[in-house]
Every structure is written in C-alpha cells, then in structure tokens.
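J.: Submitted below is the structure of interest, expressed as structure tokens.
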C-alpha cells in the first residue's frame, strides 16, 4: 500500500499494474478459505463430541459446546470431560495426564471433583457441571493439550516465514539507499528515482508465494475432507509426507475394530488346546461356566471392543447381581466382579495368573501362534480394589478372541515399506498374538517382538525401541516413551490410535492420527481424524502431503529467482551508480507470465515424488542458477549499453525481454518431466507475454529498440542458455561436494 501511495504521489500511474495482481491473489485466497471452511465445518459436525445430559426430566444427547453450568451429564469410558464437574453418583477412573503430566489413573467417586481436559478410562457416572468454557479452572491447559502449540509450524511454513522475514529486513535499507543514489548521485528525477526504487522492491518481494502456499494447503484440506479425512492442524499434511516411522495399534489399524469370541476352553481341558475344534460345546460344566461368565461380563460396563465382544457371545440372562465391579484398566490389564461373595477376574493371563502363568503358558501359546487373543477367566482369592493383583487366581476358562485383518491392510503396509517408512506395532495385547497378525498383514520384521511388561525401566524401553518391531503388553506411559525415544533418534514419527490409552503417545508424536470410532479424547488430541475409520486412506494423505511440499518447493524457486536477481541488480546499481534498468510495470509483466500464473497451475497438480533434503535448501539450489544468470546477462547488457550510449528506454525494454527469456527457461527446467499439459502451459505463457508486449506496450513501458541495442540484446540472449546450463552444473557439483563432506 505504501508503494502504491508513493507511485500515485509522483504520478507514475502506469506502474500501478501490480495492484490488480495483489487484489486477485487476495480474492483467490478468500474464496478458497471460505470453501475450505464450509467443508471443514460439515466434517467437524460429524466429529464434534456429543454429551448425554439430563434436562427437563429426560436424557438427551447434545453437542459439548451447548452445555451450560449446572447441567447434569453422564460420563463413560473413552469420553473427555467437557467442563469442571462434581460426581453425583457412580464411579469412574480418570486420567489427568493432559493436565498434570502424570499418567496415573485416579478413581473418582461421589463427591469428587472432575476437571475439564481429563478423560475417562473406565466406569460410568453422573456429574453436575460447575464451571463451563472459559470459566473452567483448567481451560487454558486443556487448550494446550488438545491443540498444536502456538508457533509450532511445519518445516515448509517455517522456511517460508524465514524467507519472507529476511527479505523484509533487507529490502528497506536497499530501497532507501537505491533511491538516494539515483536521486542525489545519478541526477535522476523524483519520479524516476521512486519508480526505480519501487521496481527493485517489487522484484525482491515474493508477493504471492506465502498466499500460494496457504491456498495449496487449503486445497489439500478440501481434497482430504472429501475423502472423509478431517484435518485439525494443516501442519500434519506436510509432516506425514516426511514421516519415516509409523507407530500403529493392532486393533482398528491392522485389524477391523470389531472383535469376536471364537470360543472358550475350560482350564481343566488343556489337552484340547491342540485340537480346540473337538471341544464339547454342550458339556454340563461348560454350560455352568458360560452362565457364570455371562453374569460377570454383563455386570461390567461395555466400554471397549473386548467387552462388547464378550457381551455379544455370553448372552445368558443374569442370575446373580454384582456386589462389586472393577472396570478394565490398561494399567492392570483386568476387570473384575464380585458375585455371591466370590471375586472373579477377566484379563490378560500374564497379569492375572502372575507366577502361576508358567503352568498354562504352553496351552496359551498354541492359541497365540494361531493369531488368537487369549483372556483368562479366573477366581481370585483376594479383595478386588482395582489395583495390581497380589493373591492367587485360579483359572476357570480361557476365552479366545480374534480380529479379521482389515481389507487392504497388506497393500497399505507394503506402500509404506516401499517408501522407506518403518512400521512399529505398539499394542496392549500379547506380543506373540500381535506378531502373528503383523506377519499376516505383511509388516516387515514382525517376528522381532517383545513383551513390554518385561521392560521395567525407561532405559530398557529406549533400547527396545531400536531393536524391536512389535511391542505387546504396552502401557500408555510406555507408548509415550517409545514415541519420544524414536523422535530423539532423529525420526519423524506418526502415531495412530483410537483409545484413551493412546492419548499420551498421540500428543507427543510429530503427526497424530485417530479413528473417529474411537474415544472422543483421542479424536480431540489427534491432528488428523479418519472419519470413516479406514486406515487404508493413509497413502492418500501421504500423497497429498508430497504434492503440497514438492509443488510449493518448485513454485517457490520461481519466486526466489526474481528475488535473487532483483537484490543483486539493486546492489549492482548502487555500487556502479547506474539507474535501476527496470520499471515496476515491467516487473509485473514478467512476474505474471513466468511466475504467477505458472506457479498456480504447478502448485495444484499431482506430484508423488518422495521428499528429500530440507525445503529451503532445495528451493535455493533450484533458484540460484537462474537468478545469477538473470543478473549476469542483464548487468552485462546494461554496462555495454551505457558504453555505447543506448537510450534508457531501449535498455529497459531489452532487459525485460532477457529476463523473460531466462524466466521461461527456468519454467521449462522446473516443469520437467515435460508433459503435454506442461508444454501447453509454457506455450500459453509465451504467447500471453508476447501479446501484452505487442498490444499493451505503452502500459508496460515497452518501446521500439534501436538496431545497436537489438544487436547487444541478441548477443546476451545467445549466451543466456550456456550460462544457465553451466551454473546448474556448478551448483550440482558444489552440492555433491557438500554431501561428501557431510555438510
């Protein structure tokens, strides 16, 4: 705006041609933002958490942001607590890690306080809201936990910001010195001095680059939105394209989220383990145990896929009401019920049987090697308090569950493997089971498995992160430590999860992905949510990220060519007391046809190439040869024209033509591999440029050049191609030399 005012003051109205371009850029950006917002709003509604609230004597489900103070709500496992509240009835176990940083599971009962930002591990309760929204005591911390930290940006956006800030610092002193040099030392008029300064500044400003990057990211969000992928943070699109380690859970990622009970085997019938199909389904003992199991599982809250499968299989009506209930905990790996004065537990055999596990290990491993997940149903001789079991547990039956491998999972993991992405499977299930399923899904090195329950120290977990592919019996804290360790090793880590036990790891991952069918808390923390729960969409997201980074990298180099050349030419003009040879309208003409329009089309086309190196380094390497070529031929032409007494207007027109020639050369170089659309684009830009030169010559300050100037221009035009080619070779040689020295 300041530049426009200066031009108006000196009467250089012809040089305001850059204003329509800026206005058009702004309109395009606004339109794309509005389109993106509409799509995201539609998707967000699908993913907005809903809360069961009691109003006017009846229960109704409403959006979390519609809650008000004194509402009575129902909370259950997997949900995030939306506001500070007081427990009225029931018992729940909550994790306040997002608030306190500690992963401890805390039991909340009647009269206890609940804080927004924490999430429910197990159980169910009713609670009265005391502080809602911004009045919540913990709302500030909750925002920090569920959103990307302010200032945290992707490498590409960080590089663009650094570039724009650097240019912003440089152009002010250069512009001021150039004006003073032309007005006071070269004797130029005020109008010529201002237009020369403005032309240099316009050339140094990447006026459309940041907007183009933003539009490209917005378009990616829109494209992914149509694929039922909700983006909470645009940074993750680029980050996922750079990921080299992908951490996944078994259930819901490798396998479908739904589990089913295959059958159950009585503990006393261990001889049947090797031939489970011969088990007598109608035996009297088995019927009694089935009824007992029905009483137990139907008394427990249905708050995870395992319990849902158990309740669907054991459907006998309850004969005994539960005297005490202990919901499942990912820390203790069991759930429990007290019936008729006896305590029963269902859970992971290693955690329930403890030192007695060795006696049944052979039986269980037969099933594990077939890909079954095995639970033990046992009678417990101690008191159930929700903590780690310490007394003897006598096994009654083994329950076999399985998950079908997700259709297309093998192709998805093969895709990541071919692109050098290491897959780590981190699960709460038995490592043998997880390993077998991972093998079937085609995950490389799936045989390298470890039981995380044996990793007693943080140092042991860190060492295991380097050595193993499959991790079983992992606690939430260990998941987070594994992710942190991989990041410390210089890896870019993506984490998928759908449960409350994944939240800590999701929060620490470079890119976090959640399934919409999972817990609300996981969906809130994740940067990316798969609304249709289809993990096979991940390659689509990666491709979109690569498209954005590669295309913005290519187009950014077009802008940087102009910046490098303009800066060098401005310094050259100051040192040798030469009037800046270009006018603002000529800079605008060149920018439109060699940068603006081509970059828009190139930024939106498909590009699946793998990302290598650093964004800004790659851009500079591509831009340097053309920028220096521009400077060499234009400065050379200016010097020779001055020596031969060529008029300034002829010099200006000749420089415009030379810069356009180099611009089309770099456009041809960047557009490789040359396709029909690329050829049409370049041809259209050349024709458009020639059309404006011929029919809008006055607007763009294009004059008829003299024979002397034409000869000089032809000479420098001829040397343009070899100079450009040799500079490319020189930059590539320096780059190779730098790699050898490990720069």
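A Cβ is built for glycine as well, from the same backbone N, Cα and C atoms used for every other residue.
No curator has checked TrEMBL annotations; they are predicted automatically.
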J.: Identify the transmembrane segment range according to TrEMBL, selecting from 651-671, 714-734.
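T.: So the range that TrEMBL calls transmembrane segment is 651-671.
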J.: Does the chain bring the transmembrane segment (584-604) near the transmembrane segment (163-185), so that three or more CB pairs sit under 8 Å (pairs 6 or more apart in sequence)?
T.: no
J.: Please determine whether the transmembrane segment (556-578) and the transmembrane segment (163-185) are in contact (criterion: at least three Cβ-Cβ distances under 8 Å, sequence separation 6 or more).
T.: yes
J.: Can you work out the mean pLDDT of the predicted model over the domain 'P-type ATPase A' (48-141)?
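T.: Overall, the domain 'P-type ATPase A' (48-141) comes to a mean pLDDT of 80.
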